[in-house]
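Participant: Found this in Swiss-Prot, in case it helps:
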type     : residues : note
DISULFID : C32-C82  : disulfide bond
DISULFID : C36-C57  : disulfide bond
DISULFID : C43-C64  : disulfide bond
DISULFID : C47-C66  : disulfide bond
DOMAIN   : 21-83    : domain 'LCN-type CS-alpha/beta'
SIGNAL   : 1-20     : signal peptide
Amino acid sequence: MMKTVIVLIVFSLVMIVVKSDNGYLLDKYTGCKIWCVINNDSCNSHCIGSGGYYGYCYFWKLACYCQGAPRSELWHYETNRCRA
């Protein structure tokens, strides 16, 4: 019984790691990255609201970067549809 519980816990942790990623947050309305200048609090709120665990404003790209968010919440160059 104890082995089964341990296997289930390990499997759950692996699934959490596989489903999360790091990247720029996606504005689903425009298809663009969520922009920022210096507001880490705003980016962190967007990131946590999207299922990530920490977000910050990446100043050189002027966009919110999120760690641990689902891939569906992140901007990807391959699927870019931003018209801004």
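Just so it is clear, glycine is given a Cβ too, placed from its N, Cα and C backbone atoms.
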Participant: To the nearest Å, how far is the Cα of C47 (disulfide bond) from the Cα of C64 (disulfide bond)?
Facilitator: 8
Participant: Let's see if you can do this one: DSSP helix, strand and coil counts over the domain 'LCN-type CS-alpha/beta' (21-83), in that order.
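Facilitator: Secondary-structure composition of the domain 'LCN-type CS-alpha/beta' (21-83): 16 helix, 24 strand, 23 coil.
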Participant: Write down the Cα-Cα distance for C36 (disulfide bond) and C64 (disulfide bond), rounded and given in Å.
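Facilitator: Rounded to a whole number, the Cα-Cα distance is 6 Å.
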Participant: Which residues in the same chain, at least 6 apart in sequence, have a Cβ under 8 Å from the Cβ of C43 (disulfide bond)?
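Facilitator: C43 (disulfide bond) has long-range Cβ partners L25, I34, C36, G55, Y56, C57, C64, Y65, C66.
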Participant: For each of C32, C36, C64, C82, count the other CB atoms within 10 A of its CB; which of these disulfide-bonded residues has the top count?
Facilitator: C64
Participant: Out of C47, C57, C66, which of these disulfide-bonded residues shows the lowest number of other CB atoms within 10 Å of its CB?
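Facilitator: Output over disulfide-bonded residues C47, C57, C66: least Cβ neighbours within 10 Å is C57.
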